[in-house]
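Let me begin by presenting the structure, written as structure tokens, before commenting on it.
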């Protein structure tokens, strides 16, 4: 648990450090294309909308991520039920569309902006290159985490067996049968433990990608002085965070964390976008959305987040479920799950029109 908290906290501090360290020269690097002469730039009005956005997005994020966590109180929404599988497929579609329809285009817009020098930013596809590296790095983290755990778990199980765990009834159980049953029990325990670890790795890595993205979009809103843009973003981001929270909440539920760890992960998800807005407000004097430094920093962060989210959605969420035994042996449930994926991806794609 401590390692999870450290990784989440370090990721946030890294984003904040990069932004703070890059904000000093921003005023000197303003893009000439930036204009603030229209009637949508009103400091007082935009500040009111930002304060509303902080509380509205915080509330919608908490509702979205907490809904799956309270689903255990509803018998039909327990993780072993078909309805939960369909709801999870919907949430996976939301995560998939977040990466492809929200984060990746934002990175393209930043790194292909006319405010950046043509060479090298428009001569090489940095967005897809960084997203590819991010996906491979996520695979490495996923793979190494499972390998390290299996080695440790295997040694612990062997030590338990060698120490005579469960030998109280050996006087009535034949040795051959006991050894066969004990090894089968160890294999079953290892499978369950591996599956649980898998869900926990998925939840942690997924939250890491979402946290980075949330800070970035919060920063952009907080630094913006355009009240027309902020007004349309509030509702869109509330729905965005709610649907995204549902996907993350389902992963946290399957990870079976203790209540303290669940509360910490809910807090990190819910608070990062409002934190980004507050940070953007504080940096609004020196931060410019169109300065070369901010475009490069935010574009690269969005590309990293996009690669992570796309990998998690396709490999750890969709492929793991649709290629698993539950959906492979139930064609009707599989068909409804595909419908749910398309609906989730469709709704989130529609949100890209406004946010």
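Placed from the backbone N, Cα and C atoms, the Cβ positions cover glycine too.
For reference, TrEMBL has these:
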- 1-29: signal peptide (SIGNAL)
- 53-71: transmembrane segment (TRANSMEM)
- 83-104: transmembrane segment (TRANSMEM)
- 124-149: transmembrane segment (TRANSMEM)
- 265-283: transmembrane segment (TRANSMEM)
- 295-323: transmembrane segment (TRANSMEM)
- 335-354: transmembrane segment (TRANSMEM)
One stretch in 53-71, 124-149, 265-283, 335-354 has more Cβ pairs under 8 Å to the transmembrane segment (295-323) than the rest, namely 124-149
Short question: most Cβ pairs under 8 Å with the transmembrane segment (53-71), which of 124-149, 265-283, 335-354?
265-283
What parts of the chain pack near the transmembrane segment (265-283), using Cβ distances under 8 Å and only residues at least 6 beyond its ends?
4, 8, 12, 16, 19-20, 23, 47, 50, 53-55, 57-58, 61-62, 65-66, 69, 203, 207, 210-211, 214-224, 237, 241, 245, 248-249, 252, 257
